[in-house]
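What TrEMBL lists as domain 'C2' is 1-98, 241-362, 405-536, 950-1075, 1122-1248, 1481-1599, 1722-1871. As annotated by TrEMBL, region 'Disordered' applies to 649-690, 1305-1330, 1372-1404. Per TrEMBL, compositional bias 'Polar residues' is recorded for 649-658. Marked as compositional bias 'Acidic residues' by TrEMBL: 666-687. Under the heading compositional bias 'Basic and acidic residues', TrEMBL lists 1377-1389. Residues annotated as transmembrane segment in TrEMBL: 1970-1990.
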Amino acid sequence: MALLVHLRSVTELRGRADRVAKVAFRGLSFYTRVLENCEDEARFDETFRWPVASKIDGNEMLEIQVFNYSKVFTNRLIGTFRMVLQKVVEEAHLEVSDTLIDDNNTAIQTSITIEIRYQTVDGSVGAWSDGEFLDVPHDAEGVFQFESASLLSGHSQGSGGSPGRSSHSAPAFRRAGKGVFSAMKLGKSRTYKEEQKKGDDPAFLENEDLDRKAMRLGGALDPDTISLASVTAVTTNVSNKRSKPDIKMEPSAGRPVDYQISVTVIEARQLMGLNMDPVVCVEVGEEKKYTSMKESTNCPYYNEYFVFDFHVPPDIMFDKILKLSVIHSKNLLRSGTLVGTFKMDVGTVYSQPEHQFYHKWAMLSDPDDITTGCKGYVKCDIAVVGKGDNIKTPHKANETDEDDIEGNLLLPEGVPSERQWARFYVKIYKAEGLPRMNTSIMANVKKAFIGENKDLVDPYVQVIFAGQKGKTTVQKSSYEPVWNEQIIFTEMFPPLCKRMKIQIRDSDKVNDVAIGTHFVDLRKISNDGDKGFLPTFGPAWVNMYGSTRNYTLMDEHQDLNEGLGEGVSFRARLLISMAVEILDTSSAEIMSSTEVQVEAMPNISETAIGKMEEFFLFGSFLEATMIDRKIGDKQISFEVTIGNYGNQTDGVNKPSSMTKKKEGGESDDESELIQNSSEDEGEEEGDLVSVSSTPLMKPVITDRNYFHLPYFSKKPCIYIKSWWQDHRRRLYNSNIMDKIADKLEEGLNDVQEIIKTEKPHPERRLRGVLEELGTGCSRFVTLANKELSQHGRTKLDRERLKSCIRELENMSQQAKAIRSQVKKNTVKDKLKQVQNFLQKLRFLADEPQHSIPDVFIWMMSNNKRIAYARIPAKDILYSIVDEETGKDCGKVKAVFLRLPGKKGFGPAGWTVQAKLEMYFWLGLNKQRKDFLSGLPSGFEENKALKGPGLQSVPPISLVYSMKQVFQLRAHMYQARSLFAADSSGLSDPFARVFFSTHSQVTEVLNETLCPTWDQMLVFDNVELYGEASELRDDPPIIVIEIYDQDTVGKAEFIGRAFAKPLTKMSNEHYGPPRFPPQLEYYQIYRGNCAAGDLLAAFELLQIGPAGKADLPPIDGPTDVDRGPILPVPLGIRPVLSRYRIEVLFWGLRDLKRVNLAQVDRPRVDIECAGKGVQSALIQNYKKNPNFSTLVKWFEVDLPENELLHPPLNIRVVDCRAFGRYTLVGSHAVTSLRKFIYGGPDKNTSLWSSAAKLRNGYLPLTSGSLSSCPPSHPTGEVVVSMEPEPPVKKMDTVVKLEAASDAVKVDVNEEEKEKKKKKKKGEDSEQEEPDERMLDWWSKYFASIETLMEVLRAQEAAQVELEDKEDLEIVGESAGTKGKEKVKEKVKGSKDKKKSHAGEGAEKKPHKLKVDELVVYNKELENDFDGFEDWLHTFSLYRGKAGDDDDQSITDEDRTVGRFKGSMCMYKLPLSSDVSREAGFDPNMGMFQGIPHNDPINVLVRVYVVRATDLHPADINGKADPYISIKLGKTEIKDKENYISKQLNPVFGKSFDIEATFPMESMLTVSIYDWDLVGTDDLIGETKIDLENRYYSKHRATCGIASTYSVYGYNAWRDPMKPTQILTKLCKDSKVDGPHYGPGGRVKVANRVFIGPTQIEDENGLKKQTDEHLALMVLKHWEEIPRVGCKLVPEHVETRPLLNPDKPGIEQGRIEMWVDMFPMDMPPPGPPTDISPRKPKRYELRVIIWNTDEVILEDDDYFTGEKSSDIFVRGWLKGQQEDKQDTDVHYHSLTGEGNFNWRFVFPFDYLMAEEKIVISKKESMFSWDETEYKIPARLTLQVWDADHFSADDFLGAIELDLNRFPRGAKTAKQCSIDMVLNEQELPTISIFKQKRVKGWWPFVARDENEEMVLTGKVEAELHLMTAEEAEKNPVGLGRNEPDPLEKPNRPDTTFLWFLSPLKAIRYLICNRYKWLIIKIVLALLLLAMVALFLYSMPGYLVKKLLGA
């Protein structure tokens, strides 16, 4: 369907001007060409065509606007014509003349004439033929051609050898909105001839400023709303896909990579079970590691760290299952019982932010009984690190243990915390097309004997999910097995495992092998939104790919069948379906185990799978070039296969069992009849055998490396018929989304390129991108909503469609909303948001249910498969709707073949095996008529069979009669950043350019990584087949390969780039805007690694009838020096101007040996664009490696455009005897931009902007920066430290802390706070700390607290920002109704984060006032630009460069030293005011005020605080770390002070080293692992360049403290006082000042600072001082104009430790800092004492007074009473072996027990960390004691004592001594709530209270795992320091000294012993009363019977005798 509008003319115009018209329909508008100097009539005569997918509605409007066109100003609207299309829809053809209307809707004189046609698919609205327009523009053949987007109007007149396309049928319109230069492609329709005559459309292609263009397009619009669609990308010369095809050469999957998984198990809580001995097992894949066992506790504390190292491909890594399980009482003899497990796959962890979960609680469940619910929680950190990932560990501060478990569960964002159990049903129906998996020898033998033929494969299916396996039965000997079984997994839902692996395997006696593997990604078959759906799949076929099908005993590509890497051949397809059912675990009939079950199920009906259709695949090989020379000598053919169709060598195995024809199997010998519908002759039968391979042909040589096949004018074709279920709709939807995504991606690349090249207005292009996205999405919704056939539609199809439509509607709304927010300053943020859309689109477009298998092209040589390409079926699938067609269907496309599987890794994968130009068409056989319509025209079909009735048989080859001759000019200017290919660390590069079957090379440039060839390569007489205009639009690809020339052997491949030329037809004018072309950067790749850039331009010029005379002349002599080499012509080469480059030569460092000889007399050569300068020679490198002459310069001509600047090369050579030089190493500075001198104005750092948040640290602004009040002289800015007027201070405290490194809270504010608190009745416990108590560690911990707060504040701010953005977008898109809903949703998801982030801020209303330092959670240099403020370090490289994937060579290994220096470049002439400055030293040029580089002696003081997360080095999973420090020749190994078995050692040490810069300037701090035997192992090391720090303007010698004090823990460390430092700084930087004034003021430059002026010494005396003032200025030094920069504060930096054996993976971190003091200054004082705090010795005395309501366990043997023999046991956590028991209170009848028993627990305690320190040997074999830090927790348990059996555990309570609930006053008030609602209750700390008495509850769990109260205990806790305890000693139990009195226990315990009668009465009365009565009655009865029997005989006798 299409709407055509032919705009004839506009008449009665006024005046004389350039006119242009704009025609718009359905939001798509076209411009006409500009008619210049029209008077009253403008004859446009242009036709515009809109392909229409949905019928046109009669109410739709067509709008035409006519403008006066202006190049400079905006176009002025003359008038508008609007028309409703009702009449057009009815009649399909209309001519209209009408007047225009102006802005006020009044008619004006000007009138317009147009003609409209509407063409429908079915021709329901008047059909018409192509040439029917009345006024056909005159044309050579008199035929007017339309470009037809859907190829409907093409009627091919078929006859035996008819020309493939007569000139009458519509040419294919290759619709790509990608054209850089394809103005035609944007839907303008005109005759080609006219197009060529006219040249390009000036309305678009004037190469003018974008701004004007935008103004012109948008009329007089507000510049913030202008948007540029891809149309105008034409002019911006933004590099685009057209000229830079994006082709990836090498599969990256399947290559092994290093991974490190670290798991810290911190503790477990709420474990189900009583008094257990838990062990945690951590399992990753097959590896298991265990924690130690903790005795009798169900909340054990471990804090153990485990590391797993892997070297596997990513896919395997991310599918591994990580499992945490808790096991009860495991020991050497028994495996223990499983309490519960938790599992998740590694991929889930890796996809978390920062690749880690930190301090999260894993919820345990029991796999054997799913009805039980939660079995406890394990708190852990899990991180997965790949090479190059760095993990930001949140700083290991003293964590508070009050964790909210529910809020911090170990689950990814968005997974509900209550997960349910679910069943996953995987139904396996059948498979077909399996390959042979057995040799046929045995089969033949069997056949001879038994006479039956068997299929050679025994398949079964194995499904792996969440670490469990399920298998179907084995179907013996079947190529088409039918299973009909379902495998059922039981797993938590949503599962934390993303993929399910389904594998067909071949059962074999020896070992089973995989036939093919398919992964089902659960995220793609479900949707977790509120309108989402549970995972569902199929029934659908999945296609499996893998190694080639021929059977070999050892398959070299077996990995491919396991699902690693890209499959190179179709293996089989499998029919499966999947469903999930959520279980109700409370119902009774549920299976409680999670064992995998397998059950049989009924057959599936064929209709459910879909309707079989016959598909037709046609392909044509237009060109085969770049064939690797190894196979160039044999004949070659190409084979195309789809599924098993077309595979002649090892394709279809006929199942022996099946004699009837199966729909899929096609045998080689049987030719099939197919219905052939041809348009002319109605239905008729024609034989058609598929032709799937090209004829054999011998390659011809192209050049030294490559061959090509001589196809020339005869192009071979293939065609294949195949039968598949018709699920094209799935692929169509995918295609539409892919196209939207492609367009979006291309637009985003444009925007990025505009930003990168600093072109104006990226925001306009972004708006255009968003508009296109919006329309694309809404277009999808209309297309996808069409009524669909019900055949084989699965639930997933329906649900996916719904969710895709929802997502895309939403996306189109959001795009509109974002579009309105795009402003100049928000471009980058919005760009990020839009990139998320791109990811989402790509995710949605990936269809999980397969239909047609992919197409494979194999290059065959000698009947062997050599190289392949794989083309997804959807890319070449045809549809009558343009958007649904695959992107390569009916198009010619370059296809690169590569080696299969592992052969393609490494260097073998870098080379191209062959490059094909291919044409493909795949569609239903009945839609076949158009299959040739996309080919370049001008061919004849050559059929296999001649004869009548075979019109529609596809051709076996095409013979081209039309060919065009071109000349290609390749302007090769330069390349940069190439790989080093020689051992010298350089290359000798040359480039080889391939185009079609031609190739040429540039000259070789020796020893450079940045060659400037400046050479034009001319390819004459390039013959291309097809129609000229099509070649103009889509010329073939140019391949540029770059090699390194070696003197011996063949050249080595360095990289490859792809380009498309700019084409000029013979009748076009060579001139602006398109010609001459501009140089552009092309990315060079080697494998998948970027390997540099190529700066070049390519033009393809048609040679017309007049021959080469018409071509633009090749000007410029052939270069005299270089022989017949043509330079790049003037219009193309960049414009040069004169620059001067000054070089600062400082020195050389760490030069390694060259060829075993040491470097002795090095020199540095600098070269740029052929000019350069040499440094002075260093006479003796060992003695002094610095240069004697510091500054030299040279002048050079460089391009005006900074982006085209050539690199600057630095080379170091060593001058040897006899005038020999050897290259030591080299470095290429690719971008000189940072060295361009900008003049003094740019260097002035605006002081106010310096206060912006930098890396999370605001400079100190806790004072107010008040703008100058009028009283000050103008130009002064006052910075005051006075407190502000009291704002509501509570809000500001946190903010101030976030803003400052030192927290300054004004003192009187603090008093107020305290008063307020007292009123509220809280105890203000945190009094001012005592100075004597404070030490350096107090400062450190306070600072960490601040760091955490800053991080939390940032996180909260981030979350708020996201909220705001989400709401903005939502608000704009949803209107008000939806807004509220969404708000709720957004809020819900983020509240968790927010509360988490805000916690810290609210928890501590007030912090101790301790002076702080800055804790950087990264290296110090990261915050100070590497201390390269004026002295830069350039690494020197030597040796061959490795590949990213090639781990053997890293950049580290290639580094041979470092050059220190700097550059400064500026355009000449320079303004004179620079050199006029006072004290300007002309010798130093721009490097004024630089210190001298003579050797200098320095005292270096290294402080090492601690290390965290060290990589374990010993078998036991621990390490024994010690510090080693190396500087120059000095090495200090602190071996004797190693710390035993610690991965988080606290060192607290300082080391002094004297060093001489520059000889000794690289400091290495390493951590080694101490070993008793053998050498010590390096754990990791960090290197610090001290020299750069020393000379830096940031003054990194000794950090500036936050306050100045003369004594105490914060005493000033620097030998220079603040005033001296300030004076020196002012003098050095020529700043006026400092002037100290009255009233605590100081003036520096034009800034006035105000601050305190008094200081107190040790004796409390106050003195006047200026130090505070000076310090204040130093802390604000960055605000001093022109010279200011942030000075390094007193700090601790955190540096990652690296190990050269494991490059790129952190081995732990070290916290440290370095001070440096020059030796010629006064010596510094003694080092600050940072030795670790010794734990303080305490004694905890616990008196157990009484118990009450203890549950009664025993029944008394005599008296039958319930009673218990109670005793209480207690211990401090971690000291179970020191547990203490009371005596037993026997026979308590009420649960009351009296003890008066004292426990005494001595322990060592670290106040700051709130941890108890225990030192003990781990086992009897341990060499020394290990130190553990564990939380201070007291456990009390109540037991029932038994004499003979084990004692019974009744209940327990655990009290955290830092925060536990206050005991109840009486037993009555004591309840279980004290344990359950611990969070709500006020808590106390024994360390503050010292003495506490009260009642606490004992609890245990009942059968239902509920907490129940099992007793109460009255206890008294008394804490004393060791000294106090010594003074007041006490005895254990009730012993002396200070004995407790005996308890008053009632005497019921031994009652029967004392008064036996009572006991007997008790026994008789109570217990056996009824028993006795029963016995008495029975005895009476018995007596009566006995008497009766006794007397009966006598009585009878009496009676009988009658006596």
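Placement of Cβ uses the backbone N, Cα and C atoms for every residue, glycine included.
Within the same chain, residues 1964 sit at least 6 positions outside the transmembrane segment (1970-1990) and bring their C-beta atoms closer than 8 Å to a C-beta of that stretch.
In this model, the domain 'C2' (405-536) carries an average pLDDT of 85. 241-362 is the stretch from 241-362, 950-1075, 1122-1248, 1481-1599, 1722-1871 with the greatest number of Cβ pairs below 8 Å to the domain 'C2' (405-536).
The domain 'C2' (1722-1871) makes contact with the domain 'C2' (241-362), as judged by at least three Cβ pairs under 8 Å among residues 6 or more apart in sequence. In the domain 'C2' (241-362), the DSSP tally of helix, strand and coil residues is 14 helix, 60 strand, 48 coil. Helix, strand and coil counts from DSSP across the domain 'C2' (1122-1248) read 13 helix, 55 strand, 59 coil. Per DSSP, the secondary structure of the domain 'C2' (405-536) breaks down as 14 helix, 57 strand, 61 coil.
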